[in-house]
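Since the structure comes first, as structure tokens, the remarks are kept for the end.
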Amino acid sequence: MAESNCTQATEFSLMGFTEDPVTQVTLFLMFLLTYLVTILGNLGLIALIRASPQLHSPMYYFLSNLAFVDFCSSTVITPKVLVDFISEKKGIAYAGCVAQVFIFDLFGMTECFLLATMAYDRYVAICHPLVYPIVMSPKCCFQLVTGSYLVGLTNGMGQTIGMSNLSFCGSSVIDLFFCDISPLISLSTSDTTLSHIILRTSASLFGLSSSLVILVSYMAIISAIVSISSVEGKRKAFSTCVSHLTTVGIFYGTSLFMYLKSSSDSSREGDKWAAMIYTVVVPMLNPLIYSLRNKDVKEALRRLTK
């Protein structure tokens, strides 16, 4: 009866990082610089790939989609954080919170499968180079990318449906700088069984399957590299995977820390910084990692600037 008579929250308060004005200004400048680099890096990489014929290959087609996903996932989080740094009231409407959960979970899971697709692409290129043009045909690449977006859409819709069944009649304070499904579930005053089932099913079905593709692909890649007789051949084969491995390590390392921790640890300060790396820093780093370590990208940029 108490549940039915409670007043549903129409707005959530975001705790953010700190209340200290000096620290807020410092963080504002840091987030602003990071977001500007993210925009320029990802959109610049997309434009470079589209404008350079030598980059019209499956690997860079996947990379341009990864840059688009990073740009979108950062844009749904960072601008709101910047506004909160200079506002006295750090709040977000219920509808805005639902939209943030949907879009962030959509692009977050899409990135998981794009990284798995890129791992499979490297596997075919290194382990089966003779059939690479046939296996990674334009039609197949389009299907793999479309499938990644569809899985992300399914995940976003599932998390949104789970959130729509939750009631928030008690505290409306989220101890984070954006709306994430995990703290929202812990904040709810209603039965969270369905939301927990959706969250765990999504993590198990989608997260583990994409991780398994990456793991199996690189086990086969390492086995193929070890069997190469020349040192130069090993170096060239491994160099094509370093950027992707770096991206996978940062992305999965921070995301696993965020979502596999116990619920009792959900308010720890360290989780906010891990979430910041996952949501703000990683989208900035990805284009830098692929640009600074990739000879083809640097050569295409040099030709374009001439």
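For all residues, glycine too, the Cβ spot is worked out from N, Cα and C.
Ranges compared are 60-79, 160-179, and TrEMBL records transmembrane segment for 60-79.
Spatially, the transmembrane segment (25-48) is adjacent to the transmembrane segment (272-292); three or more Cβ-Cβ distances between them are under 8 Å for residues at least 6 apart in sequence.
Between the transmembrane segment (60-79) and the stretches 205-226, 238-260, 272-292, Cβ pairs under 8 Å are most numerous for 272-292.
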